[in-house]
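S.K.: Structure provided below as structure tokens; questions to follow.
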């Protein structure tokens, strides 16, 4: 098999001595077909776990998109949403969908031997858990930031949130480099994430310096810019979800994923056939 995964159908007959004779049919997936099922340019190298377990990619993708959709629409201030207050209402999505679904999908990708999607799902699943914990009023995260420190709008608290977003911006950039060997829509999703976290970090650093209405307007602009770049990932993510959902139940889907695995730093032929 060159670069794919075997799906086997058994046909068994019996010899005169009673010993079974099995015949296996092997189907090899192309790069693009494989990327419709797994967000990775190459198939797992060892074992046959992918033949025995379900494909967790759709679970991880939807686990990301549900809380991400609400977050982006909040930043873009759709239908009267007011960041960051509206985000508190998404705490349940952050915990029960984003964190749980993505970490579970990441663990399954680890079992299947898919390193890149495993890292993506677990890192962003933990991000949703972190965001949910911070936003959840029950934890009183901002209570330690007294008035002497400026409270929840002071530099002490806002810088902590900015540092998280800076780190996630760097993480997203590193992972974006990896998507350059997957497909165009995956790469665009991570480009949107890089810019999203960059503008969120800028907004957090700026928030503690606001003294007038002009400052509030500028903060509002930064949040909308973050949401606008995040919207790129939102569209691309749901596009991939449609493709992934169709592929999971073998529904023909003409939508292209624009495979990059054979275009950017393609693996040597001998290596891919190993």
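Yeah, the Cβs are placed from backbone N, Cα and C, and that goes for glycine too.
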S.K.: For the feature transmembrane segment as recorded in TrEMBL, pick the matching range from 143-161, 162-180.
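M.R.: In TrEMBL, the transmembrane segment feature sits at 162-180.
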S.K.: Between the candidate ranges 116-136, 221-241, where does TrEMBL place the transmembrane segment annotation?
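M.R.: When 116-136, 221-241 are checked in TrEMBL, transmembrane segment belongs to 221-241.
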S.K.: Can you tell me which of 58-82, 94-112, 162-180 gets the most C-beta pairs within less than 8 Å of the transmembrane segment (221-241)?
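M.R.: Per the Cβ count, the answer is 58-82.
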